[in-house]
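First comes the structure, then the notes that go with it.
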Amino acid sequence: MDIFLQTVLILGLTGTLAGLGAGILGVGGGFVMVPVQYWVLVDLLGTDSTLATRVAFATSLAVVLPTAIATSSGHSKKGAVAWDAVKQMCVPGFFAAIAGAYVATSVHGDWLRYIFAALLLGAAVKMALKPTYTADDERDTAVWLFIFAGALFGFLSGLLGIGGGYLIVLFLTLVSGYEIHRAVGTSTAFLIFASAGGVLAYIIFGWGVTGIPSPSLGYVDLHQWVILVVTSIPASFVGVSLSHSISARHLEWLFVGLLLLSAAKMFGVF
């Protein structure tokens, strides 16, 4: 099969899965897109591994941005977004994502992949071992803690190209006691700001860098971006509808399985 056609089919399927993940799990889909994009760039297109890592992270965030806008509106209509929390996290998240992207463009790609995989693995274990909860578990969280969380997860968003959504979901469920659907909705709204900061930084820091597949905008591969966006946004609306008809614990186990698969891919297991 022609490499171009292979790329379109693989990324089209990936975008669909990422969109469903964004709508159902509130995670932006980066944990699905980054491993596949990296594989396409390195194994199919022969891109340098460090450059491929940066391009995958940048392009993933560029896809997360419009997808997050689409899904957060759907969750908001269902009353599943805690806008007060989003307001406290969004500004530190935006600027910290810029700092994270700067670091990502300055270190070797292998380190980034291993850190990315370790975070996914740790998150999967934590979520799997977490006891079940009810909507009555939600509790007040200090403003400074939301600000700190926004900065921390925004930084990791820019560093690892994942939007930070799954980390925000974990924080909101484990620390603030949010019911999973409310955590997912709030996470998608935060992703708008974290991904915007990261994308802006990857465009600026990647301007003029050679070796990036054309056409590109900084580190953002526009070819991959178009395919992923066209497939992920429609799928995200389907995901939003599904997320409110799936039980909380089933939703969490789906979350765990996808995290483990992505971690294994980035560690090089398959």
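Here, residue 1 is simply the first one shown, and the rest follow in order.
Keep in mind that glycine also has a Cβ here, set from the backbone N, Cα and C atoms.
Just so it is clear, the model here is predicted, and its values are computed rather than measured.
Database features (TrEMBL):
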- 7-31: transmembrane segment (TRANSMEM)
- 51-73: transmembrane segment (TRANSMEM)
- 85-105: transmembrane segment (TRANSMEM)
- 111-129: transmembrane segment (TRANSMEM)
- 141-159: transmembrane segment (TRANSMEM)
- 188-210: transmembrane segment (TRANSMEM)
- 222-242: transmembrane segment (TRANSMEM)
- 251-269: transmembrane segment (TRANSMEM)
Checklist entry - Taking the transmembrane segment (188-210) as the reference, which of 51-73, 111-129, 251-269 gives the largest number of Cβ pairs under 8 angstroms? => result 51-73
Next on the checklist: Cβ under 8 Å, sequence separation of at least 6 from the ends of the transmembrane segment (222-242): give me the contacting residues as numbers and ranges.
Outcome noted: 7-8, 11-25, 29, 33, 37, 40, 59, 62-63, 66-67, 70-71, 74-75, 78, 213, 215-216
Checklist entry - Restricting to the same chain and to residues at least six past its boundaries, which positions have a Cβ under 8 Å from a Cβ of the transmembrane segment (7-31)? => result 37, 40, 44-45, 60-61, 63-64, 67-68, 71, 74-75, 120, 160-166, 168-169, 183-188, 191, 195, 223-224, 227-243, 246, 251, 254-255, 258-259, 262
Checklist entry - Who are the chain neighbours of the transmembrane segment (111-129) in space, where the CB to CB distance is under 8 Å and they lie at least 6 residues beyond its ends? => result 31, 34, 38, 53-54, 57, 104, 156, 159-160, 162, 166-167, 170, 174, 252-253, 255-256, 259-260, 262-267
Checklist entry - Are there residues at least 6 beyond the ends of the transmembrane segment (251-269) whose Cβ is under 8 Å from a Cβ of it, and what are they? => result 21, 24-25, 27, 31-32, 34-35, 38-39, 113-114, 116-118, 120-121, 123-124, 127-128, 130, 166, 169, 180-181, 184, 243
Checklist entry - By Cβ distance under 8 Å, which residues at least 6 away from the ends of the transmembrane segment (141-159) in the same chain are close to it? => result 57, 61, 85, 88-104, 112, 115, 119, 167-168, 171, 175-176, 190-191, 193-195, 197-198, 201-202
